[in-house]
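J.: Feature table excerpt (TrEMBL):
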ACT_SITE  H226  active site, tele-hemiaminal-histidine intermediate
BINDING   G62, S63, G64, H65, K113, D118  substrate binding site
DOMAIN    11-341  domain 'DhaK'
DOMAIN    381-584  domain 'DhaL'
Amino acid sequence: MAFQGKKLINDPNDVVTEFIEGLVETYPDLQYLDGFPEIKVVVRADVSSATYDKVAVISGGGSGHEPAHAGFVGEGMLTAAICGDVFASPPVDSIVAGIRAVTGTKGCLLIVKNYTGDRLNFGLAAEQAKSEGYKVEMVIVGDDCALPPPRGIAGRRGLAGTILVHKVAGAAAAAGLPLADVAAEAKNASQLVGTMGVALSVCTLPGQVTSDRLGPGKMELGLGIHGEPGAAVVDLQPVDVVISHVLEQILSAETQYVPITRGSRVVLLINGLGATPVMELMIAAGKAVPKLQLEHGLAVDKVYTGSFMTSLDMAGFSISIMKADQAILQRLDAPTKAPSWPVGVDGVRPPAKIPIPVPPSYSRKIAEDPIRPEELNVHGLILEAGIEAAAKAVINLKDSLNEWDGKVGDGDCGSTMFRGATAILDDMKYYPLNDAAETVNEIGSSIRRVMGGTSGIIYDIFCKAAYAKLKESTVSVVTPKQWADALEASIAAVSKYGGASAGYRTMLDALIPASAVLQERLNAGDDPSTAFVLSSEAALSGAESTRDMQAQAGRSSYISAEILASVPDPGAMAAAAWYRAAALAIKDKCQAL
């Protein structure tokens with residue numbers, strides 16, 4: 001029987017900002033940018049972009065993995081950590097704000113865990129920062145050794161081994177190395193580490209129902225850090241058996257995920273997932289070391305045991321093994337003030353809150369928001385009807401989207417889409433609805449402000465591409481054909497930056513057939529609103545067809561075909577829902593006018 005998870009929190013929507021407030025009160029060497037709730041960035045209190053003369057090392061991702069990543073901000077490790085909502089990639093604006101806050105003339109290195117949303121958001125932020133004159137490099141960490149080499153574009157997940165990469169890069173930066181050398185050391189470290197996790201329970205997201213996926217007497221092998229299903233569910237085993245299986249998986253000669261062979265020197269990291277007692281972690285460490293030495297012929301130089309990258313309240317642990325040489329060991333031994341490495345802290349407490357930096361070319365006043373026209377023309381009224389219907393359709397689908405996503409992802413697709421749709425409805429009073437292109441651009445801005453994770457960045461890219469296409473026309477009134485071309489351009493942009501295409505089990509499986517039918521019916525001379533409705537039927541069919549697809553992008557690519565077959569792709573269903581609702585509303589509005 002499902003029940004609400006118990007949490008010592010206030011509003012579930014405030015958990016990340018309240019965590020950051022407590023963090024900087026606890027550690028006086030840390031500050032945060034004054035941009036809550038949209039901008040959630042923790043920075044070193046002793047670093048300013050105007051005076052910092054070393055490479056800045058920046059990481060981040062969804063929250064819920066504490067102490068990662070904010071707990072590893074400090075001299076000798078991270079210079080800033082970008083915090084997304086729980087299990088959701090941080091928005092581009094937050095990442096760019098973090099870059100501006102701490103990056104000096106030597107540039108910055110972004111260390112990113114290999115999840116689609118993180119890659120996209122940090123990638124777009126890197127490009128934005130470069131356009132502002134910053135020197136930026138990015139290293140992707142994918143240390144998961146639990147699953148066979150994945151199909152499609154997803155690759156190996158980023159897990160707790162990322163923390164060791166943080167330490168190596170942070171020490172290299174503190175030593176005064178140039179950006180290219182710091183990036184090279186981080187990339188090398190990322191290729192030397194492998195990780196696998198084991199769980200006894202599934203985590204509970206704040207304010208959501210506790211999952212009962214793992215029954216009594218069961219454990220899960222090879223899970224990710226977002227509560228998504230792992231490689232296998234098995235009967236509970238003694239820790240000796242579990243440790244042996246995990247070590248053999250990481251060190252498998254068949255997959256060769258890590259370049260570790262008999263005689264290698266290694267570093268061992270035992271990482272608690274959030275609800276594992278220190279006693280059990282120490283037991284795991286005590287069993288792992290002799291197995292590595294005696295069964296695998298490895299020299300264990302260092303052992304780190306504790307909670308480094310958790311998954312909220314999940315019971316279990318992960319094991320990371322990194323090949324070590326003298327250079328790696330020197331970086332790991334280098335001093336750091338990052339509070340969760342752990343080290344002591346000292347110094348006078350500075351102010352906890354500092355302003356968000358703005359780009360040098362910033363000139364537009366915040367108050368100069370788009371103003372809704374006093375009177376809407378025919379096209380503005382039609383556009384308003386379509387936007388409102390689309391947003392309400394997504395809001396009404398929230399629970400279903402979360403339910404589907406709970407089976408194939410991390411269970412927050414509906415909540416994420418709900419935030420975007422609600423923001424659109426709230427912001428409609430500012431949209432210049434008589435100007436279709438600018439309205440589409442403002443919709444993207446609304447989405448970027450509140451939606452985290454892959455969905456937020458994908459829809460922002462979608463809107464930016466449509467805006468660019470619509471702006472190509474010098475005619476004030478957008479024709480149906482121009483709308484169809486803008487949809488094609490948006491699909492192409494999402495495919496380009498996200499890597500997915502038809503058949504990958506994503507939102508594109510709804511939008512690609514819709515676009516094809518829309519172009520076909522318009523070219524055949526159909527009434528535009530009728531063509532729109534017919535294309536929306538293709539969107540629904542395309543979304544439903546995802547039940548029969550093996551995912552090749554996003555977190556669903558780690559899920560078995562048996563589980564996927566039971567539900568459609570949540571992203572595709574959301575796209576089909578708003579597209580269909582907009583089509584029907586526009587047809588009704590056209591008939592009424």
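From the backbone N, Cα and C atoms, a Cβ is placed for every residue, glycine too.
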J.: Which one, from the recorded positions H65, K113, H226, has the smallest tally of other C-beta atoms lying within 10 Å of its C-beta?
T.: H226
J.: To the nearest Å, how far is the Cα of the residue listed as 'active site, tele-hemiaminal-histidine intermediate' from the Cα of S63 (substrate binding site)?
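T.: Roughly 10 Å, rounded to the nearest whole number.
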J.: With every protein chain in view, what's the tally of Cβ atoms within 10 Å of the Cβ of S63 (substrate binding site), excluding that atom itself?
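T.: By my count, 26.
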J.: Give me the count of other Cβ atoms within 10 A of the Cβ belonging to G62 (substrate binding site).
T.: 26
J.: If the substrate binders are G62, S63, G64, H65, K113, D118 per the record, what's the largest distance between their Cα atoms, in Å?
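T.: With G62, S63, G64, H65, K113, D118 as the binding residues for substrate, the largest Cα distance is 15 Å.
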J.: Do any residues at least six apart in sequence from D118 (substrate binding site), in the same chain, have a Cβ closer than 8 Å to its Cβ, and if so which, in order?
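T.: The answer is G61, S89, V112, G158.
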J.: Sorted by position, what residues of the same chain at least six away from G64 (substrate binding site) have a C-beta under 8 A from it?
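T.: Counting only residues 6 or more apart in sequence, the Cβ neighbours of G64 (substrate binding site) under 8 Å are V86, F87, C203, L205, H226, T310, S311, L312.
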J.: Average pLDDT across the domain 'DhaL' (381-584)?
T.: 89
J.: Around the recorded substrate site, report the further residues of that chain (criterion: Cβ within 8 Å of the mean position of the Cβ atoms of G62, S63, G64, H65, K113, D118; site residues excluded), sequence-ordered.
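T.: My list of surrounding residues reads G60, G61, A68, H69, G84, V86, F87, A88, S89, I225, H226.
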